[in-house]
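Record features, source TrEMBL:
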TRANSMEM  B:23-47  transmembrane segment
TRANSMEM  B:67-93  transmembrane segment
DOMAIN    B:67-270  domain 'ABC transmembrane type-1'
TRANSMEM  B:105-126  transmembrane segment
TRANSMEM  B:146-167  transmembrane segment
TRANSMEM  B:196-216  transmembrane segment
TRANSMEM  B:252-270  transmembrane segment
Amino acid sequence: MPRPRGARTQVIGAAIAAVGLLAAAACGQVEDGGQGGGSGGAETRTLTVFAAASLTESFTTLKKRFETDNPGVTVEFNFGGSSELAQQINEGAPADVFASANPANMDLVADEGDAEGEPTVFAQNTLEIAVPPDNPADIQELDDLAAENTKVALCAAEVPCGSAAEKVMAETGVEITPVTEEEDVKAAMTKVELGEVDAALVYKTDVIAAGDKVKGIAFPESEHAVNDYPIAPLKDAPEADLAAEWIALTTSDTGTKVLTDAGFRAP
Amino acid sequence: MTPVPSRQGAARERAPRVGAGRFPWLLVVPAVVGIAFLVLPFAGLLIRAPWSTLGTRLLMPEIRGALLLSLGTATLATAIALVLGVPLAWLLARAAFPGRRVVRALVTVPMVIPPVVGGVALLLALGRRGVVGQYLDAWFGYTMPFTPAAVVAAQVFVAMPFLVISVEGALRGADRRYEEAAATLGATRVTVFRRITLPMVLPGVAAGAVLCWARALGEFGATITFAGNFPGRTQTMPIAVYLAMQTDPESAIVLSLVLLLVSLLILVSLRERWVGAL
């Protein structure tokens, strides 16, 4: 009996050692990736930007500009839902800049003390009605979405486009009963593109990004829910000076031009 | 049901001999690392759970609705998968027909494609403008997306392959001599299947059904794409967890714990009753 028991202790010891090794290896890699050349000065530096998924096109355009202006610098993106990004940052993900699709998720980061200084609003997004190109339900204005038998996709109230839609409905008294509350704006767009719904309330930027796969209908009531996009450098940014330069670029004339081309409004 | 000698039985008799030889380091060390890797994330959930407000959060009516919908649809999806999947597995294991390899590969496709893509594929097939769906709409005025039926369809699509693969494996492992003996004694093919084949592979069917049910219960991507999200109608637990994550991570943890606990309870009790009878 003593022999197996001793063996068992050794097994557990070995397992702990193995897990420890794995963890150490993983940490080592993250540090290499995040700070590669950070101390090396001019040679190769990497700016890591966490940005809302709706910024994918415009930020990718700005990246080319930034890398041309700053030789030896590579911009790396992590595009995703703002709330996931906020969580990743609060859990210690190595990032230099956070660009959020709404102030609430920026606040999540700021409240944890992970943002450096006051966030800057660099763009605004407004809602539009997206309909399939042939507009089967003949939608003309916001009121048409409240009609019976009209299938409408809204975003869930938990995500920014959904809370914007709720705000519009509350301010105007137009009551839309959706067939589905989508988990994000892209999913709502898919339903329109496939003709599964007659209309969806989405952002103007998404309508522009979808090209001729959907038709966008602007409506004046969208003024009730203009969505601010804040950007901020992060507290433990490995590349603080590059982060400041990136933020300067997004708020410059060049940045504003790229963003408005994508459907954003200048603040 | 008469007991049928199986390979599993033989393996069990051999099992105690493991302790007789040298300690099997090569197996135990990776096994322990494997357990740690699988269990640690759940430990994380438990540690971060907001225990003080757990009770009030659990009483939210949305949670009950989502949980009941999840349990109901996953069970229905498993029933449908059994009705369709067991004959399909038999076909793949026992019937020789041209293109069988291609069919088998096609059956496993839902296991490897991202579920969201599966959901889009379902929309393209059964949606309002889909290949089949447009006729359902034109002839019967029926559109499946955004209904509980769509939730079940998405779950069957994603989960049935797990059942088919598991039953097919059991069929291949079963001793065919019993079936042949029954056939020589004059039993029809249906009788052989019902009285000999099915009882022999029943543990495989049960394991496959449990796997299928678990996969259906956790289904997220295809469901939210094909059935959308509407509280009380198509909002299943995984979708509720995802949405809660957007604004209130603590609620998401509570919801995950509920899903985890319910599925563990059901899986453990089923295992004792069915699979444990091996």
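Cβ coordinates come from backbone N, Cα and C, glycine included.
Touching of the transmembrane segment (B:23-47) and the transmembrane segment (B:105-126) is ruled out by the presence of fewer than three CB pairs under 8 A, sequence neighbours closer than 6 excluded.
Counting Cβ pairs under 8 Å to the transmembrane segment (B:105-126), the top-ranked stretch among B:67-93, B:146-167, B:196-216, B:252-270 is B:146-167. Long-range contacts of the transmembrane segment (B:196-216) within the same chain: residues 1-2, 4, 6, 8, 73-75, 77-78, 81-82, 85-86, 89-90, 155-156, 158-160, 162-167, 169-171, 173-175, 178-179, 182, 187, 263, 266-267, 270-271, 274-275, 277-278, each at least 6 residues beyond the stretch ends and with a Cβ under 8 Å from a Cβ of the stretch. Within its own chain, the transmembrane segment (B:252-270) is flanked in space by residues 42, 45-46, 48-50, 54, 57-58, 63, 66-67, 70-71, 206, 210, 213-214, 217-218, 237-238, 240-242, 244-245, which lie at least six positions past its ends and keep a Cβ under 8 Å from the stretch.
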